[in-house]
Amino acid sequence: MMPPQQENAMAAARIPAPSRPENVADVHADPAECGRVVQSEGGVVVFDPCPQSAPAPPVAPEIQLQRGTNGFSILHITLQPMTLKFEDVGYSINSTVHREGTCCGCLGGSAPKPARNILNGVSGMVKPGEIMAMLGPSGCGKTTLLTALGGRLPGKVTGSVTYNGRPFSGAVKRRTGFVTQDDVLYPHLTVLETLAYAAMLRLPTTLSRREKLDQAESVVLELGLTRCRNSVVGGPLLRGISGGERKRVSIGQEMLVNPSLLLLDEPTSGLDSTTAQRIVTTLRGLAGAGRTVVTTIHQPSSRLYKMFDKVVVLSEGTPIYSGAAAAALDYFESIGFAPGVSVNPADFLLDLANGVAPDAQEGHQHVRPDASDQNSLKQSLILSFKRNLYNGLKTEIRQNRLETTSSRPGKASSNGSEKLHWGTSWWNQFKVLFCRGLKERRHESFSGLRIFQVISVAILAGLLWWQSDPSHIQDQVGLLFFFSIFWGFFPLFNAIFTFPQERLMLIKERSSGMYCLSSYYFARMVGDLPMELVLPIIFTVITYWMGGLKATATNFFLTLLVILYNVLVSQGLGLALGAILMDVKQATTLASVTMLTFLLAGGYYIQHIPPFIAWMKYISFSYYCYKLLLGVQYSEQDYYECGPGFSCQVLDYPSIKHMELGNKGYDVAVLTLMLIGYRLLAYVALRMGQPK
């Protein structure tokens, strides 16, 4: 049994949607004065359009939402409508081909290959209130076209793509939602936390914190995520919510900001038919409120196809149809390809895109064994499109452009200077990212395996050096060198994974304009401090006192400070290597070679380094850390028994004397330079490799 409110809402969704006006792009509203949410009988929340001089688009029944406990709807704000037009969009990539007789090109056998056309002359237009679906077989260029329309495609895109008659800009990015095919989410955050943090970052400062959280709650309710709202999202190594629920969370992150233009790549991929129907019904509701929706979709059912206003059918990157979804079958029938009576329109279009013609008598499909026949059919469909639809489509696009320009005089120049502004201030971005990072990474930093690793090594080292005799000076020197090496390797290899693992998330969120790179970077650096420094403190407390080093508070705390400083420098090097290479395997290999070099040049294993290679120790942070540990532990007042009845000064011990412990300030200054330099290098590498 469903509650009466939900039954009413679902019943309303089954009512056929009324026809929408042909163009709702001229509807403008002031969110501060209108766009109310009212409650009708039965507990159904309905969007109340603004009173306008021009007629507002009628609200389709699909936009009716079940009222949440907070009485807040994500559809209560009317955004500026956006008309998307694209003409003759083309995109190609350059690749290489290996010459015969070479081992995979390893001997310089690669030669340039002609550019491969991914998109070739794709045109179309979608207005506010409409859903455009891109159909076609795998590899036909649907995702590439969608990425180009979202302004996220690297390289040069030929043709023209305009948004309300203007090119892509920061202001357009802020009003565009982009849902990728792969769900990029933090695994340890719950569904509600994921949406809440996105709301805190993306929603404007005019909304209070409570209103932003209400927005997240509203998305949870509308997308049917109430049952799993407090469940972790999960990932490859952590069990969480289902694949369909993950997809809805990804869509919900973009729905939070009520985008004027919503682009979705395969939103129904991996979902059952009922869930897919619900997702597309939600998109239908968003479009009915004056938004522009463009989506790629794989093998939609006939029920889903009927919800689309326009379709673009691609065959090997070239369009064979672009226009109204309801007129597609009539068009192909007019050129001699009549579908069967009960055929799914989407199946019929995909067969044609693959070069498979229908059986005119029975309506069944048969595949011609000769591939040349399929290619000839594709070429025939492409020529028919150019002959019958292309000119009319371009005329419609250009006519709409003239109408848009004449109806809004002077607006292009004012909007042309719009700059990208963040949803919230730098300080709020920092705070939200800091809190989110602590919640997400505490499970990894304080995992049982990592804690066991550190504590077990600490106890083992303490037992091996158990209360070492000060007269055994070489043993104590070895313990101090072990400190510098262990807390050089451990943080370095942990930090290498930081940016490569978060690369996809960083690209996704930065492309959406959620925050500036500097706020993310500083939040990451500060958030890592408590998690990266706790384990070294525990390690030092255990090993220092078990190892029999100087049992004074001053020596202990100075030793601890040197180790923590070494951890920060080592972590900075790992972050820099990971940010530069963005590949875990390559970065790990380079880090291994680097640390082995620092280990050998650290001054413990060899005292007489040949002059031509002696410079290597001066770039080793382990060398400076080792010197500081020796300088903290020993002074001119320390002696050891160097023979029967003889005492010698510790600083004259050969392995200590050659380290030249005199100038501690210089060593600290060099480590400070490395600390700042490595982290600055990591930031610059991120800045160069991320979207702006």
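Positions of Cβ are set from backbone N, Cα and C atoms, glycine also.
What you see is a predicted model, and the numbers here were worked out from it, not measured in a lab.
Over in TrEMBL, the protein carries these features:
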- 84-341: domain 'ABC transporter' (DOMAIN)
- 448-466: transmembrane segment (TRANSMEM)
- 478-500: transmembrane segment (TRANSMEM)
- 521-545: transmembrane segment (TRANSMEM)
- 557-580: transmembrane segment (TRANSMEM)
- 587-606: transmembrane segment (TRANSMEM)
- 668-686: transmembrane segment (TRANSMEM)
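Comparison of 448-466, 521-545, 557-580, 587-606 by number of C-beta pairs under 8 angstroms to the transmembrane segment (478-500) places 557-580 first. Long-range contacts of the transmembrane segment (587-606) within the same chain: residues 477-478, 481, 484-485, 488-489, 492-493, 496, 500, 573-574, 577-578, 580-581, 616-617, 620-623, 626-627, 655, 658-659, each at least 6 residues beyond the stretch ends and with a Cβ under 8 Å from a Cβ of the stretch. Of the recorded ranges 448-466, 521-545, 668-686, the transmembrane segment (557-580) has the largest number of C-beta contacts under 8 angstroms with 668-686. A Cβ distance under 8 Å defines the sequence-distant neighbours of the transmembrane segment (668-686), meaning residues of its chain 6+ beyond its ends; these are 499, 506, 517-518, 521, 525, 565-566, 568-569, 572-573, 575-576, 578-580, 618, 621, 624-625, 628. Across the residues of the domain 'ABC transporter' (84-341), the predicted structure has a mean pLDDT of 88.
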